[in-house]
Amino acid sequence: MATLNDIGVAAAINILTAFAFFIAFAILRLQPVNDRVYFPKWYLKGLRSSPIKTGGFASKFVNLDFRSYIRFLNWMPQALRMPEPELIDHAGLDSVVYLRIYLLGLKIFFPIACIAFTVMVPVNWTNSTLDQLKNLTFSDIDKLSISNIPTGSSRFWVHLCMAYVITFWTCFVLQREYKNIGSMRLQFLASEQRRPDQFTVLVRNIPPDPDESVSELVEHFFKVNHPDYYLTYQAVYNANKLSELVQKRKKLQNWLDYYQNKHSRNPSKRPLIKLGFLGCWGEEVDAIDHYIEKIEGLTRKISEEKETVMSSTKSLVPAAFVSFKRRWGAVVCSQTQQSRNPTEWLTEWAPEPRDIYWDNLALPYVQLTIRRLVIAVAFFFLTFFFMIPIAFVQTLANIEGIEKAVPFLKPLIEVKTVKSFIQGFLPGIALKIFLIVLPSILMLMSKFEGFISKSSLERRCASRYYMFQFINVFLCSIIAGTALQQLNSFLNQSATEIPKTIGVSIPMKATFFITYIMVDGWAGVAGEILRLKPLIIYHLKNFFLVKTEKDREEAMDPGTIGFNTGEPQIQLYFILGLVYAAVSPILLPFILVFFALAYVVYRHQIINVYNQEYESAAAFWPDVHRRVVIALIVSQLLLMGLLSTKRAARSTPLLFILPVLTIGFHKFCQGRYQPIFVRYPLQDAMVKDTLERMREPNLNLKTFLQNAYAHPVFKAADNLANEMVVEEPAPDKTPDLVATKRGSRRFHSGSAETFT
């Protein structure tokens, strides 16, 4: 059990670590050689030039203006200075709404913390229940929690009232935020520039036809059923093999560039490599000639595979991107049933082109249910087996309790400094290390499930990660920690007393979560702004591979927000804050520091670093709202169970009302605001169409949409090999004729295959 001294040691370590990260960042960001690492977004926008080009030799690499080092924290006010509308234009609505999750935490927990420390902490502290209990491990911090109130006390009415305050305030803030973000989304969609996805739907599960190919079938179906608004279509090809060849060629090209750069630095000596395993043995050959030969052979394979993909009907996937003349037509198509069979001709809004995860478009639609069932089973076992390292972490957090059951460990950890370090710092860092590989595993599982957009992949991964955090990090930490912490009590008391011990012990887990918050939420967030890994990788690439300015741009790694890991991590803090607000309020200041610090840090990163891969117009917000509501209900149920063990019989029935009210509130918000994030209003679509026709009466929309949803592997192949050209029909070309095999009928098609 971590004591007040242990928490102080952990706080000192994490504060010093965070401060060291900030100092290192303040120094490194001022050096010209690191400019592309800490301001890549401005380079990608073309609004910043390299400071290395100007000044003397030394000033190109080191900032010699010593006055700039004095203002080492000026990045904080600069990060807060950009107004929200300008930030939306600069970084997109997704980034701004993501930041508002941190503001939501501050809005919810700051008033709750003020009330809790004004009312609840004195109520909890002015008791001596823990001192009177034998065989129970506790610290002075636990005297601030509900555990210090005697069984059957009338003071539990204060906690009941606090539960009502927390519920009503949280729901009020959530409802207002849901409404504001819904308005922001509609305003953003109304003011947004013309994009291909506004006119396009994705059609899946196209039924096979013995007489027509997929392309012909799509053309005829939409000309017949959407004659007034159908414009063109883009066939979907299974180009996964071609994509693998292109990626392999790109890696070979990188090696060729490396050896060519090496040769240019020393022209008198040709670089040599060995053809054996890992270049350790085998025949020695000229590296440049070797890679040129391999690239030429792979280029021929790429050209052949491209021709095969484009000419074979077997490469066509039973899916297509169908575009319309007006947004109104796309809205109607995406939100209606297309055929009598509800499992065929399934339509949905097409993701924006950069949001598509092309590898999964080639998956047969019938496989998706099976794949998701397999992943559900795999996730269950992953969650179950991960409880083992979580339980191990809890042994680090409850050394004093284990000492009673395993006395031989006592001499090893009895040293005060070592004991404070282990209990105050090690549990949090150990748990953080165990969770490092988890996001990569969950993302692979999401890809296997078959989601067709990066945004849906990240939302699915976030959902799994949140569930994992809730079960393993929160529930398992409480259950395993309580069992280990009170092991001696469990072994020496009757079975009827065990629920009472658990009820008293659950609030005591606040000390473990405090250490975790400081490691993950303080030092971890401060480490995010340092960007140590991208900094090292950039300089390694810059030293070995970079030769031209284009190479230097490609060496930059701006990264992204990482919604799939960031948002579930934030939700863990919502769970902890809401659960412990009425149980052990000492947790709240640590959570408030996290939300405030993370808001400033990630605002800076969004302005200067992160490059947004896609724009979903805050489509993820219903998930955020739902998880906060779940956290609120969990807090109510746990408090209800806790009060029942404390024999607060008169106050417990009144808590049953709160989950019912919270669920009703969620249903109201779901019906009132969620449709804004799922469907696009016909009224807004018609307004945008009308305004666009007035402003651009001669707009050639077909040209704009012609290759918008072409598989990017063809464009990549075109960049890698000059002989691989994707030909586009001229806009004024006479429409082709698409013949059918159902007789002599011919349909005029102004949207034949865009690849010929």
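The backbone N, Cα and C atoms fix where each Cβ goes, glycine too.
The transmembrane segment annotation in TrEMBL covers 6-28, 101-123, 156-175, 373-392, 421-444, 465-484, 572-602, 628-645. Look at TrEMBL and you will find 7-177 tagged as domain 'CSC1/OSCA1-like N-terminal transmembrane'. Residues annotated as domain 'CSC1/OSCA1-like cytosolic' in TrEMBL: 198-360. The domain 'CSC1/OSCA1-like 7TM region' annotation in TrEMBL covers 371-643. Here TrEMBL flags 731-756 as region 'Disordered'.
Residues 18, 76, 79-80, 98-99, 102-103, 105-106, 108-110, 112-113, 116-117, 120-121, 141-142, 144-147, 159, 162-163, 166, 170, 466, 469-470, 473-474, 506-508, 510, 513-514, 517-518, 521-522, 525-526, 528-529, 561, 627-628, 631-632, 634-635, 638-639, 642 of the same chain lie 6 or more positions beyond the ends of the transmembrane segment (572-602) yet place their CB under 8 Å from a CB of it. Count of Cβ pairs under 8 Å against the transmembrane segment (156-175): among 6-28, 101-123, 373-392, 628-645, the largest is for 101-123. On the 0 to 100 pLDDT scale, the domain 'CSC1/OSCA1-like 7TM region' (371-643) averages 80 in the predicted structure.
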